[in-house]
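Remarks on the structure that follows.
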Amino acid sequence: MAATIWYEKDADLSVFDGKKVAILGYGSQGHAHALNLRDSGVDVVVGLRPTSKSVEFAKEQGLEVKPVGEAVAEADVVMILLPDQYQAAVYKKDVEPNLKPGAALAFAHGFNIHYGYIKPSEDHPVFMVAPKGPGHIVRREYAAGRGVPVVVAVEQDPDGKTWPLCLAYAKALGALRAGAIKTTFTEETETDLFGEQDVLMGGINHLCDLGFDVLTEAGYQPEIAYFEVFHELKMLVDLANEGGLNKARWSCSDTAQYGDYTSTVITEETKKRMQYQLKRIQDGSFAKEFMDDQAAGAPKFKKLQEEYSHPHLETVGPKLRAMFSWNNAEAKDKDETESFNGKIARTQVQ
C-alpha cells in the first residue's frame with residue numbers, strides 16, 4: 001500500500017486565522033518551529049520558565065515569550081517541544097490546568113502519548129508533526145525556501161478538524177515544500193526509537209569506533225584509520241541519500257562492492273539482536289527503563305554518557321577535521337551550530 005503524502009497545495013494556512021500557537025521550549029526544534037511559524041504569519045508565543053537562559057535569546061529573535069502556564073492559557077494550539085523525560089511533569093503542572101477547552105495538543109515525537117505518560121482528555125485534538133531532521137536544519141531549509149520532510153499523525157480528532165490543522169501546521173513549518181507522510185503515533189515512536197538504537201546511533205557509532213580500534217590495534221596509523229572507517233561515511237551517505245544504496249554501491253569500485261556483498265560482519269545473529277531491541281521498544285520495556293532512570297536522577301544515563309564521551313576515533317578526529325579546507329569555508333554554519341549549542345543546547349523549559 002502506497003504511503004499518503006501531502007504537499008503545500010494540500011494545506012491552508014487560513015486555518016490559523018484568529019488562533020494562537022504556543023511553542024513550549026526553545027531548543028533545537030523549539031526555535032525552528034517558533035521562527036518558521038512566525039515567518040509564515042502565524043501568531044506565536046513561546047512558553048518558558050522566567051529563569052530560562054533561552055528567554056532573552058527568543059526575545060532577541062522578535063518572539064513573544066511568556067511563562068509556560070500563561071502561554072498555554074491563551075493558546076489554541078500547544079506544541080510541546082521538550083525532552084521526552086520532562087514532558088509529562090510539565091504537562092501535569094503547567095499545561096493541563098491551563099489548557100483552553102478544545103485547544104489542540106501537538107507533538108514532534110509520539111513517545112509520551114504512545115506510552116501513556118501523557119493522557120489528554122478526549123475533547124482535545126492531538127496531532128503530531130515530526131521533522132526528519134534536527135532543528136537548525138529545519139530553520140535553515142525554511143530560510144532557503146526549501147523544507148525538511150515530516151511525518152504527521154492524528155491521535156484524537158474530536159471535532160473532525162484535526163487533520164486540516166495538522167497539515168496547516170506542517171505547511172507553516174515549511175515541511176510541505178518537501179512533503180508530509182501520514183503515519184500514526186505508534187508507528188512513528190517505535191520506528192524512530194528503532195532507527196536510533198539499531199542503525200543511526202547504536203549501530204553506526206559503535207561500528208565506526210570498533211573499526212577504528214581494529215585498525216589501530218593492528219598497527220595502522222590512526223589518521224589513516226579515521227579516514228577509512230569514518231570520514232568517508234558522509235560521502236557514501238550523501239550518495240545513498242541522492243539515489244539509494246545502489247547509487248552508493250555503483251559509485252564505488254568493483255573491489256569495494258565485492259567486499260560489501262561478501263562481508264560477514266552483519267549476520268543473521270545481528271538481525272536477531274535487532275528484533276530483540278524492537279520487541280523491547282514495542283512492549284514498553286525500553287521506555288520504562290529510560291524513564292525510571294531519569295526519575296531517579298539519571299544515574300545510568302550519566303554513567304553511559306561519560307563512558308562513551310571519548311570515542312577512540314576522536315583521538316585524531318579534531319586535528320584532522322581542522323585540516324580540511326572546506327571546514328573553513330563552512331565556518332558560518334559551524335558558528336551557527338556553536339551558537340545553538342551554547343544558547344539552546346537542551347530543548348527544555350529551564
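Cβ atoms are placed via backbone N, Cα and C, with glycine included.
What you are looking at is a predicted structure, and each value in this text was computed from that prediction instead of being measured.
Annotated domain 'KARI N-terminal Rossmann' per Swiss-Prot: 3-183, in sequence order.
The annotation NADP(+) binding site is assigned in Swiss-Prot to TYR26, GLY27, SER28, GLN29, ARG49, SER52, SER54, ASP84, GLN85, TYR86, GLN87, GLY135. Neighbour density for TYR26 (NADP(+) binding site): within 10 A of its CB lie 32 other CB atoms from the protein chains shown.
Swiss-Prot lists HIS109 with the feature active site, giving sequence analysis as the kind of evidence. Counting only same-chain residues six or more apart in sequence, the Cβ atoms lying under 8 angstroms from the Cβ of HIS109 (active site) belong to ASP84, MET128, ALA130, GLU188, THR189, ASP192.
Summarising the annotation, Swiss-Prot assigns domain 'KARI C-terminal knotted' to 184-327 and lists sequence analysis as the type of evidence.
What Swiss-Prot records for ASP192, GLU228, GLU232 is Mg(2+) 2 binding site. The Cβ of ASP192 (Mg(2+) 2 binding site) has 19 other Cβ atoms within 10 Å, all protein chains considered.
Per Swiss-Prot, Mg(2+) 1 binding site is recorded for ASP192, GLU196, and the stated evidence type is sequence analysis.
The substrate binding site feature in Swiss-Prot is assigned to SER253. In the three-state DSSP scheme, SER253 (substrate binding site) falls into the coil class.
Among the features that Swiss-Prot reports, region 'Disordered' is placed at 331-350.
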Residue pair GLN87 (NADP(+) binding site), GLU196 (Mg(2+) 1 binding site) - Cα distance, angstrom, rounded: 20
Largest tally of Cβ atoms lying within 10 Å of a Cβ, found at which of the binding-site residues SER54, GLN85: SER54
Cα-to-Cα gap, SER28 (NADP(+) binding site) vs GLU228 (Mg(2+) 2 binding site), nearest whole Å: 31
